[in-house]
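Trainee: Sharing a structure here in structure tokens format.
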Amino acid sequence: MALKLLTSLPMYNFSRVPVSSKDPILLVTSRTRNGYLARPVQCMVANKVSTSPDILRRSANYQPSIWNHDYIESLRIEYVGETCTRQINVLKEQVRMMLHKVVNPLEQLELIEILQRLGLSYHFEEEIKRILDGVYNNDHGGDTWKAENLYATALKFRLLRQHGYSVSQEVFNSFKDERGSFKACLCEDTKGMLSLYEASFFLIEGENILEEARDFSTKHLEEYVKQNKEKNLATLVNHSLEFPLHWRMPRLEARWFINIYRHNQDVNPILLEFAELDFNIVQAAHQADLKQVSTWWKSTGLVENLSFARDRPVENFFWTVGLIFQPQFGYCRRMFTKVFALITTIDDVYDVYGTLDELELFTDVVERWDINAMDQLPDYMKICFLTLHNSVNEMALDTMKEQRFHIIKYLKKAWVDLCRYYLVEAKWYSNKYRPSLQEYIENAWISIGAPTILVHAYFFVTNPITKEALDCLEEYPNIIRWSSIIARLADDLGTSTDELKRGDVPKAIQCYMNETGASEEGAREYIKYLISATWKKMNKDRAASSPFSHIFIEIALNLARMAQCLYQHGDGHGLGNRETKDRILSLLIQPIPLNKD
């Protein structure tokens, strides 16, 4: 049934729905001011939530945060200071020497792979580029891919594509028989099959060889797991079949792989010691960031005054570690957390609590970006808007100080777009309107909040800001679009059941079921297919010429990865679950025990 569904419907083009004041469903008073407020505005809230016995409001019954501010403040930050810095610098130099000494191309690639999976590659970007340049140029200078070594060929292909080099899928043709199928004897090479499987996820649209490689390797790796053979390799295979490396959150992957590597027969003790100490040092930087944003969140008063909304400061910060973990980007993580927290709160205003009349007023006030216009709002919306207004203006002020560039109009546009698209969904719900899947996705890739996050991301990590990038940013380039679609579809897979129970518009799964008569299981399979198809589009655009920096593009990819991670086992953001709690503990709270010998 699922296969018929996948082939019977055309692939959606995911064009952006136009926002026009002439569109009745998006009709909003268009009065804007690009005024800039450098100092925060204070708001005295008369009551905690404006209520009226005549207004029937929904409730999501969100539970309080399990991570309260006092607990975050009590965290003891270890692994800081001169001793740790001295130790890590010694280990870093030892590993740098390894990178310079290794000359065998396969050993070079394997060392890069280990460094990436241990979360250490960010220390050696120049060395890794030098090695990959050499591997790539030698290959084009007459050196051939080694047809007899599937593992080496696939590893080489994957690392080169990951780092932006152009490599043809045809390198895998030498592993096919005269009928054009992958050779049956390859099934005996499980290490090679796993390498082929991971490489296949870097495919773009139309690359049929890699499609075949994915299907072929998946089938035989699943058979290998069933036979329960060599334990360590089976663990790696199971892990990859759950999610390929290309789709995984890098920091969480590093934490998992450090444990695996510790028990590897070929473990390099220097690499292991470096990985464990570096993880703890980076975690200490994250804990310092977390304390700051927890203090900010408490100071907003949103938890007390908007009691219907999600109180998720740690989960919001967890998102940011998924986007950019390197210790030097602490400012980015702290600002990202504010953006995530504001999106979460405003989403609950539109989805859970606000009446349609109130939401139209709120959208109008955000469009104006004018504190004088907020008198028309109920009290709970006043504090919400003021927190948004002050926080975003402060971010813009930081950029003005740093780069002498006025960015408030770009940030404001991102929030206006978000609220407009929230309002569309609120009207759908109010009118009991059931959109088509196409119509839903055209709205929902904006309402997921990812474009708003990524617009802010550009300014947080870019210096200097360029006109070419800004012109592109205003139209939401494809790299933002594909990341946002994946985030939305992953969210829907994890949250749609709970959201429908509390009262919400149909999500992607229900839209597809309504259109086709498919079962929920069949619809879920189709949404997974759309995620996979969108990754192909993103793979193409990440390697294309772009006005954006590598770090920004990586953040866009990481947002998609983080969404798939957080919604893998249900609503890991709003409702929380055991998996999310365990991941937060391992990534942000509990350091890796070190061998003191």
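From the backbone N, Cα and C atoms, a Cβ is placed for every residue, glycine too.
From Swiss-Prot, here are the annotated features:
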- 1-56: transit peptide (TRANSIT)
- Arg310, Asp347, Asp351, Arg488, Asp491: (2E)-geranyl diphosphate binding site (BINDING)
- 347-351: motif 'DDXXD motif' (MOTIF)
- Asp347, Asp351: Mg(2+) 1 binding site (BINDING)
- Asp491, Thr495, Glu499: Mg(2+) 3 binding site (BINDING)
Trainee: Return the residues near Asp491 ((2E)-geranyl diphosphate binding site) by Cβ distance under 8 Å, restricted to its own chain and a separation of at least 6 in sequence.
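Mentor: Residues satisfying the criterion: Ile448, Ala563, Tyr567.
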Trainee: Using all protein chains in view, find how many other C-beta atoms are within 10 Å of the C-beta of Arg310 ((2E)-geranyl diphosphate binding site).
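Mentor: Total other Cβ atoms inside 10 Å, all chains included: 24.
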Trainee: Specify the count of other C-beta atoms within 10 Å of the C-beta of Asp351 ((2E)-geranyl diphosphate binding site).
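Mentor: Around Asp351 ((2E)-geranyl diphosphate binding site), other Cβ atoms within 10 Å: 23.
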Trainee: Tell me which residues of the chain lie with their Cβ under 8 angstroms from that of Arg488 ((2E)-geranyl diphosphate binding site), as long as they are six or more apart in sequence?
Mentor: Ile441, Ala444, Trp445, Ser447, Ile448, Ala450, Ala508
Trainee: Just to verify a number: CA distance, Asp351 ((2E)-geranyl diphosphate binding site) to Thr495 (Mg(2+) 3 binding site), in angstrom, no decimals.
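Mentor: Here the two Cα atoms lie 13 Å apart.
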Trainee: The record lists Arg310, Asp347, Asp351, Arg488, Asp491 as binding (2E)-geranyl diphosphate. What's the largest Cα to Cα distance among them, in Å, rounded to a whole number?
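Mentor: Site span for (2E)-geranyl diphosphate, by Cα atoms: 18 Å.
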Trainee: What does DSSP give as the helix, strand and coil breakdown of the motif 'DDXXD motif' (347-351)?
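Mentor: For the motif 'DDXXD motif' (347-351), the helix, strand and coil counts are 5 helix, 0 strand, 0 coil.
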Trainee: Can you tell me how far the Cα of Asp347 ((2E)-geranyl diphosphate binding site) sits from the Cα of Thr495 (Mg(2+) 3 binding site), in Å?
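Mentor: Checking the Cα atoms of Asp347 ((2E)-geranyl diphosphate binding site) and Thr495 (Mg(2+) 3 binding site) gives a distance of 14 Å.
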Trainee: Would you identify the secondary structure of Arg310 ((2E)-geranyl diphosphate binding site) according to DSSP, in three states?
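Mentor: It is coil.
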Trainee: Validating a neighbour-count step here. Other CB atoms within 10 A of the CB of Asp347 ((2E)-geranyl diphosphate binding site): how many?
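Mentor: So the number of other Cβ atoms within 10 Å of Asp347 ((2E)-geranyl diphosphate binding site) is 19.
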Trainee: Tally every other Cβ atom lying within 10 Å of the Cβ atom of Thr495 (Mg(2+) 3 binding site).
Mentor: 20
Trainee: Compute the average pLDDT of the predicted model within the motif 'DDXXD motif' (347-351).
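Mentor: On average, pLDDT over the motif 'DDXXD motif' (347-351) sits at 96.
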Trainee: Between Arg310 ((2E)-geranyl diphosphate binding site) and Thr495 (Mg(2+) 3 binding site), find the distance joining the two CA atoms and give it rounded to the nearest Å.
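Mentor: Cα-Cα, rounded: 14 Å.
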Trainee: Which secondary structure state does DSSP assign to Asp491 ((2E)-geranyl diphosphate binding site), in the simple three-class scheme?
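Mentor: SS state of Asp491 ((2E)-geranyl diphosphate binding site) = helix.
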